[in-house]
Amino acid sequence: MIGDYTFGEFTSILAMQGFAGLSLFSVFVLMALGLAIIFGQMGVINMAHGEFMILGAYVTYLCSHLVTTYVPVLFPVYFFAAMVLAFCASFSLGVLVEWALIRHLYRRPLDTLLATWGLSLILQQVYRSVFGAREVGVTLPDWMMGSVALTDMIEIPINGLFVMGLTILIAFGVYLMMARSTFGKQVRAVLQNRVMAGAVGINTKRVDRLTFGLGCGIAGIAGAAFTMIGSTGPTAGQLYIVDTFLVVVFGGAGSLIGTIASAFTISQAQSTMEFFMSGSMAKVLTLLTVVGILMLRPQGLFTLNIRR
Amino acid sequence: MTSDTQLFKPREWVALAILAAIILIVIPIGVDTFRLNLVGKYLTYAFVAIGLVLCWGLGGILSLGQGIFFGLGGYCMAMFLKLEASTPEATKIQSTPGIPDFMDWNQITELPFWWQPFHSLSFTLVAIVAVPAIFAYIIGAAMFKRRVGGVYFAIITQAVAAILTILIIGQQGYTGGVNGITDLRTLLGWDIRTDDAKTVLYFVNAVLLIACLVAAQFVRVSKFGRLLVAMRDREDRVRFSGYDVANFKIFIFCLAAAFSAIGGAMFTLQVGFMSPSFVGIVPSIEMVIFCAVGGRMSLFGAVYGALLVNFAKTTFSESFPELWLFAMGGLFIAVVMAFPNGLAGVFRDHVEPALLKLAQRLPLWRAGGVPLSSSAK
């Protein structure tokens, strides 16, 4: 492979593909963080996670549309408001779903899988009915367009950088919340020993509901980030759900660091290989490797020892 | 009192007779050839659903990748039929006559080596069952030997289904890509596209289905079937009793795969093509819902579930395409939340007692002295 390129060109290619992979990485991380909380901490398989992400993407699209129509002055900063709204929308839907559906199924993880798959079908059709079957894209403000030239051969798109920064910020925020805040401690307490957590006065049902909502809300932010790298359609979420589950399982369910590390590995591997072979083969090879490693090491890369 | 090891209890004999009567007599008489072909297509999914009853209902192993095996079986059949349809005479306008048309379109000039054996029907028939079973063995051995189960198994099988779909679509020259293998014509010179052939294939399919059902019932009432249920409920205790849990799981997974593959092959024969849209994640999960609607513990329920859900799907998507996904999604949620035992559960809890009560009013039955009241289980 290297034969056709000089060493300098080769490193530039790797760097460019690496940065292209970073956008994918960001969406993976944000999706997977939400899923790691829901699946890793609560043991619920949320197949509708992709649809929660797409909800965030549609909210961002609506914001971009409304802002350009009514208050074009605010256009350069609309994205921040959109992110907050995306979080709120997905969070509220998540809390609603937990109340209506998930809380009845905590002891039957495989059934949550089927029920949330049903939910995802319904949500897809709702999106199709409301927003139409065609894919929509958002207009980015000017300051996010363009790219930074690092050397004459390496260029980094600004929106990619922005999403990257955002991802790091959110990942750090989630880490802080889980590790330091009272709520995070409660979540971990409930995870480790539900009965004892209840006995010391933690409202476990409320914690469950908020945890699920939080996971969905982060998916909503992932949706906002997703609008920058792809166009939003009713079924776009479904394309990512298996990858995201693999990211979470590969990283070791329950480990946030593992989730981030595995999202990074998978997205980088895929993006780098895409340059050398067709996109589909790159994906096949990546997924095969991940599945292969999981067969050898089923507990994932990083694991916490959790007493269940 | 009947022994527990009997293949069918009296009540199940009645159920089998009713099912056989419906699919062998009532449906063929009641509908035209076009609809009969459709029902035949639905019944091919029943093979998968029966496999899932064994694997998921009894064994507690939820595979979200039954589409893999359905597809592999279907593709094996399709490869044979395609080779038969691509004789040098029939394909002489191609730049390389004698190879399938899609290979020619993709600038492939020679039949790949792994296509070669599919010239032989006997090899193909073996491959239809063997290829998916071996594949299932590899997945199963890798997972169950390491005691990976439950949710993780579901996710991994789903990922494998995704990988296979991407691979089939990506390797267009060897697999026909997203369109699949189409334009299949004859089986050993016998045209499978005529109405007569479709009727014959329907009956072959129906008889095979009943054979699979009986085989599944045989597994279910055997000691192995009981161990499966025990493993589902208390895996550790079975392991501590000295049984090799992993091998049992691998076996049942392979058996379910083989059933699905037979269904897939019959699907190809009846519908006349095979494409990746029957392999991926979405069809695989739909197959689980056929089983869940019928009742995850009931073999008969699986057949009715596959028939009903597919019938509903065709009807809905013909007349109200927007409503179909709502209905399907609602079905998933309803089955999980309200009817965890599916149609079979509803029948057992509500319909059967009512029927028996009705029957007991008739003097004929009372005289017979059949212990009807013991119908709770």
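Backbone N, Cα and C define each Cβ position, glycine as well.
Long-range contacts of the transmembrane segment (A:20-40) within its own chain (CB-CB distance under 8 A, at least 6 residues past either end) are made by residues 46, 49-50, 52-53, 157, 159-160, 163-164, 166-167, 170-171, 174, 178, 187, 211-212, 214-219, 221-222, 225-226, 228-229, 240, 243-245, 247-248, 251, 253-256, 259-260, 262-264, 266-268, 270-272. Residues annotated as transmembrane segment in TrEMBL: A:20-40 (among others).
Annotation source TrEMBL lists transmembrane segment at A:52-71 (among others).
The transmembrane segment annotation in TrEMBL covers A:77-101 (among others). Distant neighbours of the transmembrane segment (A:77-101): 48, 52-53, 55-57, 59-60, 63-64, 67, 115-116, 119, 140-141, 144, 166, 208-210, 212-221, 223-224; these residues of the same chain sit at least 6 beyond its ends, with a Cβ under 8 Å from one of its Cβ atoms.
With a threshold of 8 Å between CB atoms, the same-chain residues lying at least 6 positions outside the transmembrane segment (A:153-178) that come near it are 8-9, 12, 15-16, 19-20, 22-23, 25-27, 29-30, 33, 37, 83, 140, 143-147, 184, 187-188, 218, 221, 225, 228-229, 256, 260. Residues annotated as transmembrane segment in TrEMBL: A:153-178 (among others).
The annotation transmembrane segment is assigned in TrEMBL to A:212-233 (among others). For the transmembrane segment (A:212-233), the residues of the chain that approach it from at least six positions outside its boundaries are 23-24, 26-27, 30-31, 33-38, 42, 44, 46, 49-50, 52-61, 64, 79, 82-83, 86-95, 97-98, 102, 133-138, 140, 144, 159-160, 162-163, 166-167, 170, 174, judged by C-beta separation under 8 angstroms.
Taken from TrEMBL, the feature transmembrane segment covers A:239-263 (among others).
Per TrEMBL, the feature transmembrane segment maps to A:275-296 (among others). Residues 1, 13, 17, 243, 246, 249-250, 266, 269 of the same chain, all 6+ positions outside the transmembrane segment (A:275-296), place their C-beta atoms under 8 angstroms from a C-beta of that stretch.
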